[in-house]
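According to Swiss-Prot, the feature FAD binding site maps to Asp37, Gln39, Leu45, Trp46, Asn72, Val125, Gln315, Thr318. According to Swiss-Prot, the NADP(+) binding site annotation covers Trp70, Asn72, Tyr170, Ser202, Ser203, Ser205, Arg226, Arg409, on the basis of similarity to another entry.
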Amino acid sequence: MTKVAIIGAGPCGLSALRSFEQAEKNGEKIPEIVCFDKQEDWGGLWNYSWRTGSDQYGDPVPNSMYRYLWSNGPKECLEFADYSFDEHFGKPIPSFPPREVLYNYILGRVKKGNLKSKIKFNTTVTNVSYDNENFEVTYRDKKNDKISKDIFDYVIVSTGHFSVPFIPEYPGMKAFPGRIMHSHDFRDAEEFRGKNVVVLGSSYSAEDVALQCHKYGAKSVTIGYRHNPMGFKWPEGMKEVFHLDRLEGNKAIFKDGHVQETDAVILCTGYLHHFPFMSEDLKLKTGNRLYPPMLYKGVVWQNNHKLMYLGMQDQFHTFNMFDCQAWFARDVIMGKIKTPNDSEIEKDINKWVSMEEKLENADQMIDFQTEYTKELHELSDYPKIDFELIRKTFKEWEHHKVENIMTYRNKSFASPVTGSVGPIHHTPWEEAMDDSLKTFLNK
């Protein structure tokens with residue numbers, strides 16, 4: 001029997017497991033599936049941990065979630081086509097839920113089946129190599145410190161790319177008397193109440209960590225950008241300045257001449273695509289971009305069609321895009337989709353990369369990824385979902401942020417699956433200090 005290894009049981013890995021489960025429910029004979037995950041439970045990044053640094057077994061903690069995290073994009077844009085929010089919660093819910101609510105939704109879909117039995121938890125994959133038409137996967141049982149090997153016909157890498165932080169060095173860091181941390185280790189904005197905070201970065205992490213610090217009482221928040229400012233209308237106590245040059249004592253000196261006394265520096269400087277367990281000839285090497293190179297349809301490894309990577313893109317679309325990728329990967333593995341010859345694959349990859357290189361703004365990026373996801377959707381039997389409505393919702397969301405970065409989470413949108421419109425949340429985001437599922441749903 002064909003054997004498939006799935007590495008990671010976060011959203012991408014769960015999409016892969018779900019895709020095979022659905023095929024089996026449809027009466028198809030599926031391969032033997034083994035999923036590996038280094039954590040104690042499923043959910044990937046959404047499985048919040050208080051830990052930073054190392055876990056109890058000495059491995060790096062993969063989690064980057066923090067307390068009081070609320071979705072920074074409309075939930076409707078990530079809705080599963082085969083499992084709506086309405087079905088899970090029994091009613092429409094507001095469009096911007098906190099982490100616990102989304103985690104509950106993610107698990108609700110996979111708990112319906114017997115998927116957990118296919119996952120080896122507390123298991124770290126240490127090496128994947130390919131020879132004689134097969135993959136050899138070496139893995140370590142962390143609890144028992146036992147090394148094992150197994151042979152697979154296909155490998156799906158679904159580890160994500162938001163767990164290994166990129167940490168730059170600036171002059172003066174060693175002598176800085178305050179707190180320096182990467183957003184990967186950020187857990188609680190309450191730590192910075194009454195303090196002056198410098199946040200370095202200009203993408204979603206910088207935006208949200210800065211807003212969290214402001215919301216929970218930071219004295220001031222100064223955001224340092226390298227290339228282009230986010231440019232939002234920040235509330236009093238927040239500002240953007242150009243590029244940190246150095247730290248001198250407790251002062252942050254920026255290249256535009258701005259000087260800011262600070263108690264803490266939070267590096268929101270992104271993450272690395274990091275696959276130390278993959279042999280060199282199988283390893284994806286890319287920055288954070290909408291169409292990584294070497295991946296046919298953004299999924300199949302160009303040099304070995306038995307290897308797939310899920311969720312490696314910079315992302316507007318998330319969960320339903322991961323599903324479309326997983327359904328596509330499944331159908332390649334099960335022979336329902338035939339990969340073309342090398343020349344056609346090269347041509348297809350170059351087409352998407354060329355289009356990506358011409359993108360100039362967020363609206364164009366949304367269009368690009370929507371068209372990519374729609375194309376994948378049409379290639380499999382993934383259930384119907386309104387990607388045109390998702391496109392429209394993304395663009396409205398972007399414009400709401402430009403209008404008011406503090407209130408965009410108070411808007412509501414329609415589901416691309418059921419059409420129901422989420423109610424306005426009972427408490428404006430800026431005033432909502434309790435992020436529990438119970439309070440969110442029932443107050």
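Cβ atoms here come from the backbone N, Cα and C positions, even for glycine.
In the three-state DSSP assignment, the secondary structure recorded for Ser205 (NADP(+) binding site) is helix. Each of the binding-site residues Leu45, Val125 was scored by the number of other CB atoms within 10 A of its CB, and the lowest score belongs to Leu45.
According to DSSP, Asp37 (FAD binding site) is assigned to coil rather than to any helix or strand. In the three-state DSSP classification, Leu45 (FAD binding site) falls within a helix. Between the listed binding-site residues, namely Gln39, Asn72, Ser202, Ser205, the fewest other CB atoms within 10 angstroms of a CB are found at Asn72. Arg409 (NADP(+) binding site) and Gln39 (FAD binding site) are 31 Å apart (CA-CA, integer value). When the alpha carbons of Asn72 (FAD binding site) and Ser205 (NADP(+) binding site) are compared, the span between them is 10 angstrom.
In this structure, the C-alpha atom of Ser205 (NADP(+) binding site) lies 13 angstrom from that of Gln315 (FAD binding site). Among the binding-site residues listed here, namely Asp37, Leu45, Trp46, Gln315, Trp46 has its C-alpha nearest to that of Trp70 (NADP(+) binding site). When other Cβ atoms within 10 Å of the Cβ of Trp46 (FAD binding site) are tallied across all protein chains shown, the result is 20. Across the structure, Gln315 (FAD binding site) and Ser203 (NADP(+) binding site) place their CA atoms 12 angstrom apart. Ranked by CA distance from Val125 (FAD binding site), the binding-site residues Ser202, Ser203, Arg226 have Ser203 at the top as the closest.
When secondary structure is read from DSSP and collapsed to three states, Arg409 (NADP(+) binding site) falls in the helix class.
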